[in-house]
Amino acid sequence: MNGNMSYHTFEIEAKESYCIGKNRRRDFSPLKLRSEYNIMPDKAIFADSDYNSCSECSYCKGVDDGIKTAGLKIFAMIMCHAWRKRREQLNELRRTMEELKQGSIKAKGQLQIYNQLLRVEQKRNDELSEQVREALNTLKNSRASYEFLSSSIVNLKTDKSLLEEELKSKYEEYDALHAVLSQTKTDLFRCMMDQRNLQVQLCKEQRSVQSLENQKNKLINENKLFYNCRTIFCASGKNSDDTMNVVTHCFLFFKLLSFVCYSNQLQQLNIGAFFYENEFEYQRAFESAVLRINSENKSNFKLLPIIKKLSSYDGPIALKREACNLIGDGVEAIFGPSSQAESDIVAVICNNTGIPHILFDYWIDENHSRKYKHQMTLNVFPSPSILSKAYADIVSSFGWKKFTIVYDADDVQAYTKLQDLFQLHSLHSDIVRIRKFKRDEDYRILWKSIKGERRIVLDCSPNILLDLLKAAVPFDLTGQFNHLFLTNLDTHSSAIKSLRDNPTYAMNVTAVRLKLNDDFYKQSLAHKRDFANIKFHRQPLKVTLIYDALMLYGIALKNITTNYPTIQRYVSCEYNEYNSTYSSPAGSYVYNSMTNISPLDGVHFRSGSLLFDDNGQRTGFEIELYEPLNDYGTAFWNTKGQITQQHTGANVLKKNCVPSCNPHRGTVLYGKVLSTAKTENVTHNGRYMGYAVDLIEALSKEIGFEYIFVPVADNGYGKYNKETKQWNGIIGELINNDAHMGICDLTITQARKTVVDFTVPFMQLGISILAYQKPTESKAWSAFLDPFTVDVWIYVMISIFIIALLFIFMARDEWENPHPCNKDPICLENKWNISNSFWLTMGSIMTAGSDILPCSASMRTFNAMWWIFAVIIANSYTANLAAFLTNSKMEGSISGIQDLAEQTKVKFGTMEGGSTFTFFSESNETTYRLAYNLMQNNDPPAYTKDNKEGVDRVLKNNGSYMFLMETTSLEYNTERNCKLKMLGEKFGEKHYAIAVPFGAEYRSNLSVAILKLSERGELFQLKNKWWKNHNNTCHEGVQMDASETPDMTFSEVRGIFYTLGVGVIIAYTVGIFEFLIHTQKVAAAEKLTFKKAFLKEVIFVLCVWNNKKPLKLASSNGSKATSPNAP
């Protein structure tokens, strides 16, 4: 039944397959079957009635049922296989078609995008092509323009060369004409000199004739006079007084007659001078100088001054008229005026007429275009350009890093005098500031704008200097720490010295003046001349320069008149037919003589040597630096830029004095490191104690000054705030001049040195790590068991028992001959009992070994596996025990700043705003930069407000926080707290010093005193006094350093000794029990009492020299042992 059913099912499936194949027009002909499947179907295969409906299967009718079934099965299999294959192919084709459709859709979309992009690119290409065409056209035009410009340039160069050649030829012609004119003037001057010589000779002849006649008449007159005198003398011979009067009158008459004759022989030379109405002092100095030159002159000329008064309302026309009037009066030289504009007018007139023009006031250097108009002008006042360089050199010698320039806006000469300092402002506007003022303004507005400035360069008139200083008092500009540099050369003539004894004006003032010739001054005082009645160092500079100008002219005139006694004048402001003025040919000789006078000629002037450049400006002079409040010099500057210090007695005395600090405040930060409050009941300096107090006391005794301690309000050292641009703490108070010095654990840094000064260091230090010192704990007696936990020890013990029992069961197969010499033993012996098994296992794990070893392969394999386990357990215990004993070494893994920066487990920080913070924030070294970044990123913040907070934080966190601080403060804290320690070596060398305001003069005295204390060893003694804790017990039981190997103490290994002792006791106990049991067996075997047997056994044990034991103790008396083999 099952066969029929399966056959029927198969037949239906074949039919269905056949019909499907038919519907799909599959060709199942016999030829096809033979060719594709190697089957030869018979026509009778498909004779079943179920397949009669298929008209195309008639060849299967009338076939046997077996053949039919086989053929049908074959056909069904073929059809199923073909149908499945065809269906898979069809599905594959469908999937391929779907993919192709999707691909084509995507391709169409991409093609559309590409087409759009192509159109856009085509548009861009068209635009670019158009731009390229335009660029080409522009290039063509540019080329054409360039060619045109090039040709134009070539033409211009050609024209220029032609013009240069023509101009050169013109210059040559001009030089030739100028040479001809000079030669003509020289010839004319020679002719005039020859004519003058002839006239002089004629005059001499006439004078000789006239002198003969005069002598004749003089003899006649003298005879008459003598006769009259004799008559008078004879008439009054009895009265002696009348006789003396007559003789005196006669003598005076003869002297007057001789002086008149000598005066008639001197040639009078007129010199002109311009003075303003308010320059009476200068006019008087000019007249006095002329009188002195005439009195000391031994030449054949006499100077006659012609002075013209000028008013401020006079214009250039009036000045020109007055100058021409002077020239018309026959002046040989003109002096003044002091105004720049009026001097230019007079200089042009003198240049045209050939008359020397001499100035004695500030005059701006001549440029190249004006040089030819002022060829006859000479100025004895120092050159402005050299004066400006001198001011810049002096300010540089002060070492100022920041200052302010204040000048008078009404003074047109100020900018020229200070031009080198102004150039510093253009380069460093944040360092050099400029302020100007007007004389009619309120000076308080000026000083308010620079309130608190410590370095000021002030250029102003001496007349308003006192008013300016009085207005600066309310703005903290006249204190002891201010430095004022006055650039006016007439400051010594002002009333600034009246402020000397006023404590309000305690600033350091430096002024400049022209270095005068002291030898000349002493010579003048010795002769008590009238001109020396004005005190030499108090008179204005112009008075001295006027005298030097007249002396210079007089010496030059003397040199000229030595060869030419008489000077002819042919000078006029009127123009001749050649459109030029009548000039003096002798003026240029006098001018050249004045410029060629040198100190080597033995000529000395009051203001030093008079050397001039080609522009007539004075280049030979020296400047003296002095303090006007005390009126003593400090240094000299020369034109080579050198500054030479003076060492006068007053200067040395002042430099050695330190101002008393009693009326002022001395800033001191009294922390636990440097100074500590002793008690609140004591007042003043007695309230404080510590290193800083002792150091200041030692310095005060060494130098000699008083002081008072005042704590800093904000308890800060000195940090710069970039937002407010202000310093806090000690540095801020020193900048504000609220103290004379600041002392604490204050480190010298580059930023602080720019705003304050420091003495030499009184202590050297570095940076190190403050860490928590964990207290050392004593080890327990069972410390040797700590490498393994309790469960591990239990597992090891259980393993030993289990392995021993397994040995016993496995050893049942291992039998040995108890007597190896007996070749035929009756029985075999098994030696692996419980005791031997336990001895092997215990000996193996204790690495002691055993004399009893297994022989079979299975037992040896088992024993080898146990040995492996024993080796691992023993070595693990040894390693863990070593690690446990060196636990302190493993805990000290941080040994320096590099280890600290490369880990993240332990937090660390420093005091915010301190020198250590600055060191890390500004360092470029990798390790320090990494440490700074870690401190910046710590949460909570790693920084503290002061060192005390950092120390407390280290103690509070018990090793999870470390503090970076200076080694001095670190040593102080570790000496007094056993829970603190220093890790690693110090780095970042630093120095502690006393801070003083910038530019304080007593800084050098403090530095010298500190060096003396250091040489005497007092600084070392002070540090030992305040740093070392003489009652320190912290070193007892201190945890060892990471670099040292720990030594095992008895406390760490005493457990093993206890175990050994207990084991010995147990062994002896077991031995005693075994001895007693053995004694009981002997007593029973030999029928003795237990007491007798025990005594005999004890006696035998005590006889250690017996090496054999009899089997029966009764047969022996204890003196001799019997052999066990005896019968």
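Just so it is clear, glycine is given a Cβ too, placed from its N, Cα and C backbone atoms.
TrEMBL labels come from automatic prediction, so no person has curated them.
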According to TrEMBL, THR747, ARG752, SER915, THR916 bind L-glutamate; which of GLU697, GLU966, GLU971, GLU975 is also listed for that site? GLU966
Based on the record in TrEMBL, give the one of CYS324, CYS827, CYS855 in a disulfide bond with CYS573. CYS324
Taking residues 6+ outside the transmembrane segment (832-853), which of them lie with a CB under 8 Å of any CB in it? 796, 800, 803-805, 807-808, 811, 814, 863, 866-867, 869-871, 873-874
Given the transmembrane segment (865-885), its same-chain partners at Cβ distance under 8 Å and 6+ residues beyond its ends are 783-784, 786-788, 796, 799, 803, 841, 844-847, 1046, 1048, 1052
Under DSSP, is LYS1012 (site 'Interaction with the cone snail toxin Con-ikot-ikot') part of a helix or a strand, or is it coil? helix
Count of other CB atoms lying within 10 Å of the CB belonging to LYS1012 (site 'Interaction with the cone snail toxin Con-ikot-ikot'): 14
